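Novice: From Swiss-Prot, for reference:
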TOPO_DOM  1-15  topological domain 'Mitochondrial matrix'
TRANSMEM  16-34  transmembrane segment
TOPO_DOM  35-40  topological domain 'Mitochondrial intermembrane'
TRANSMEM  41-66  transmembrane segment
TOPO_DOM  67-72  topological domain 'Mitochondrial matrix'
TRANSMEM  73-105  transmembrane segment
TOPO_DOM  106-128  topological domain 'Mitochondrial intermembrane'
TRANSMEM  129-152  transmembrane segment
TRANSMEM  156-183  transmembrane segment
TOPO_DOM  184-190  topological domain 'Mitochondrial intermembrane'
TRANSMEM  191-223  transmembrane segment
TOPO_DOM  224-232  topological domain 'Mitochondrial matrix'
TRANSMEM  233-256  transmembrane segment
TOPO_DOM  257-261  topological domain 'Mitochondrial intermembrane'
Amino acid sequence: MVHQSHAYHMLKPSPWPLTGALSALLMTSGLAMWFHFHSTTLLLTGMLTNALTMYQWWRDVVRESTYQGHHTLPVQKGLRYGMILFITSEVFFFAGFFWAFYHSSLAPTPQLGGHWPPTGITPLNPLEVPLLNTAVLLASGVSITWAHHSLMENNRTQMIQALLITILLGIYFTLLQASEYIEAPFTISDGIYGSTFFMTTGFHGLHVIIGSTFLTVCLSCQLLFHFTSKHHFGFEAAAWYWHFVDVVWLFLYVSIYWWGS
């Protein structure tokens, strides 16, 4: 091993950024193929490549942090800054979709019938499945906070229980959202309303799936005794991400489901 006189982690060459970029290309191209030609081969290939990349990359990070001790305090500080900047970029990502929605709804054009929702669109009832989804996500925010406090108090059993509850609530939210999509009286091709609705709620749903995956990895780490009350940034980052997803949903519910209907 080469001696280094600093506390920073010098990463070895890794193929996972390249395979991750390849999987992103395959998935986006696969989505276009699915929308236009009803072919899912490319999309499924991209999803498989993405799943394999996530598994290998998370395995490497766990090995470097838990077994090799590369995540020193300066490295953890850098990871915190990185996660904060990542969530900030996500805020601006969703801001673009909200901008598109409000731009179209506050001054509807004659082509939309001069009012919002546009002529011919029957919006979803905000007091049915969307309200249940809101309750589910708020409950998951409580349970992940419970898990965090249990971890800091070295209460292993309660941490596992609370984290498992959070993951199950995330899966339940995803299933409810999928059922809502199937039963929706409009599609993504139904003008500006359909496109902004499905793009915004769809990307939020994707973030819930990513967050649920992130928390599942944290659960496996906790079961393998990787976390301590002082060293658990992986879980902390997942909790930040989950709270961000919660807040985005509240804005989404108030804007698109309640006000927009």
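Along the chain as shown, residues are numbered 1 onward.
Every residue gets a Cβ built from N, Cα and C, even glycine.
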Novice: So which of 41-66, 73-105, 129-152, 156-183 is most in touch with the transmembrane segment (233-256), counting Cβ pairs under 8 Å?
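Specialist: Ranked by Cβ pairs under 8 Å, first place goes to 129-152.
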Novice: Just give the helix, strand and coil counts over the topological domain 'Mitochondrial intermembrane' (257-261), going by DSSP.
Specialist: 3 helix, 0 strand, 2 coil
Novice: Would you mind listing the long-range same-chain contacts of the topological domain 'Mitochondrial intermembrane' (106-128), meaning Cβ under 8 Å and 6+ residues beyond its ends?
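Specialist: Beyond its ends, the topological domain 'Mitochondrial intermembrane' (106-128) has Cβ neighbours at 180, 184-186, 190-194, 253, 257-258, 260-261.
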Novice: Quickly jot the same-chain residues contacting the topological domain 'Mitochondrial intermembrane' (257-261) by Cβ under 8 Å, restricted to those at least six beyond its ends, or write none.
Specialist: 101, 105, 116-117, 123-126, 130
Novice: In the same chain, which residue numbers or ranges, 6 or more beyond the ends of the topological domain 'Mitochondrial intermembrane' (184-190), come under 8 angstroms Cβ to Cβ?
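Specialist: Cβ under 8 Å, 6 or more out: 120-122, 124, 197-199.
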